[in-house]
Amino acid sequence: MDHNKLALPVGTTLDRFIMRKQEDFPYATGELSQLLRDIALAAKIVNREINRSGLIDIAGAYGSQNVQGEDQQKLDVIANIRFIRALRNGGEVCTIISEEDEEMIQTGNNQGKYVVAIDPLDGSSNIDVNVSIGTIFSIYRRVSPTGTEGTERDCLQTGTHQVAAGYVIYGSSTMLVYTTGNGVNGFTYEASLGEFFLSHPHITTPKTGAIYSINEGSSDHFSEGTTAFVAYCKQQNYSARYIGSLVADFHRNLLKGGIYMYPATKKAPKGKLRLMYECNSLAFIVEQAGGKSSDGRNRTMELEPKGMHERSPLFIGSTELVEKAEEFLAAEYSDVVAAL
Ligand code: AHM
Ligand code: MG
């Protein structure tokens with residue numbers, strides 16, 4: 001009997017993978033590695049809270065609104081506390097931007113070299129009905145001198161300056177997917193061992209796909225270009241798939257090929273999604289996986305952020321589909337932007 005078949009290796013843990021990657025950079029000090037491990041630790045805790053949310057009184061609305069004027073769920077607040085605490089205790093981060101906090105958060109770690117932008121729990125209106133939700137993050141190196149508090153300039157860098165980005169999907173299994181600019185790797189959480197294991201090495205996204213994801217309930221407010229592109233998707237017999245949970249919609253399309261869209265609408269001329277901790281993070285990942293992300297005309301990662309909670313339209317996924325959407329939008333896009 002082949003003993004290896006009796007007990008298959010469990011594989012590479014996230015910690016070991018991060019350590020190995022660090023060895024690839026001879027002058028790396030390990031701070032970014034530690035920071036990624038802090039995020040993974042908070043993700044495990046948040047995963048635990050989500051899994052038992054039906055049993056204890058942490059599902060449902062918190063009774064307040066966040067900076068965007070959206071109802072906060074209790075788990076939004078809990079996830080925010082967990083990630084901020086992990087980043088504060090870790091010591092590598094001087095400043096955090098969170099979807100849940102209007103102002104930037106100073107961690108008190110003025111020696112920290114990094115700034116994190118995070119949506120601690122995205123798609124949280126789906127929590128009560130057991131639909132997948134996620135955490136999205138971007139990591140930047142600060143531009144202000146260490147030893148001082150982080151500044152707005154540290155927080156408002158273009159997406160091209162990200163040193164790492166990732167997401168956690170709390171779904172039928174929990175996964176952490178991240179990039180440090182050298183490809184994309186995915187890790188699946190093994191709850192009984194309390195570890196993330198490498199399950200999706202070198203993720204590449206198909207060049208094209210047959211899935212389009214958009215909230216067609218808003219179609220009365222779509223621009224002509226968006227309407228025409230959606231009609232094109234139907235002519236091609238693409239499948240419509242829209243969970244309404246960005247990480248879940250993005251993750252599916254990343255693996256299978258497709259396009260996710262949150263366009264500018266007449267009601268929301270800059271769309272809904274936030275540039276700093278939703279669009280840019282996923283844009284870095286999709287590009288590293290061979291895909292594309294734009295606001296319909298401009299590369300997402302080159303957009304100049306003017307505010308920490310700024311919104312941007314988002315067309316993201318397989319390169320051919322994003323380029324096709326851009327073609328449809330090209331004619332009218334200049335009018336939309338002119339009207340902003
Ligand atoms: P949130 O950050 O308040 O959770 O909102 C973001 C979510 C995304 O996960 C999702 O893709 C989008 O909002 C859905 O919006 P809509 O209901 O307008 O389609
Ligand atoms: Mg969000």
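Each Cβ is built from the backbone N, Cα and C atoms, and glycine gets one as well.
Remember, TrEMBL labels are computer predictions, not curated facts.
According to TrEMBL, D119, L121 bind Mg(2+) 1; the candidate from E92, E99, E100, E102 that the record adds to this site is E99. According to TrEMBL, the residue from K270, K272, K292, K306 that belongs to the substrate site alongside D122, G123, S124, S125, N215, Y242 is K272.
The Mg(2+) 2 site recorded in TrEMBL includes D119, D122, and the single candidate from E23, E224, E278 that the record places there is E278. Note: the Mg(2+) 1 site is recorded as E99, D119, L121; in the same chain, D76, A79, N80, S98, E100, I118, P120, D122, S124, T135, I136, Y277 also have Cβ atoms within 8 Å of that site's Cβ centroid.
DSSP gives K272 (substrate binding site) a coil state; it is part of no helix or strand.
Among the binding-site residues S124, S125, N215, K272, no residue has its Cβ under 6 Å from any atom of ligand 2.
Neighbouring residues of the recorded Mg(2+) 2 site, listed in sequence order and excluding D119, D122, E278, comprise E99, G123, G134, T135, I136, L246, V247, L273, R274, Y277, S281 (Cβ within 8 Å of the Cβ centroid).
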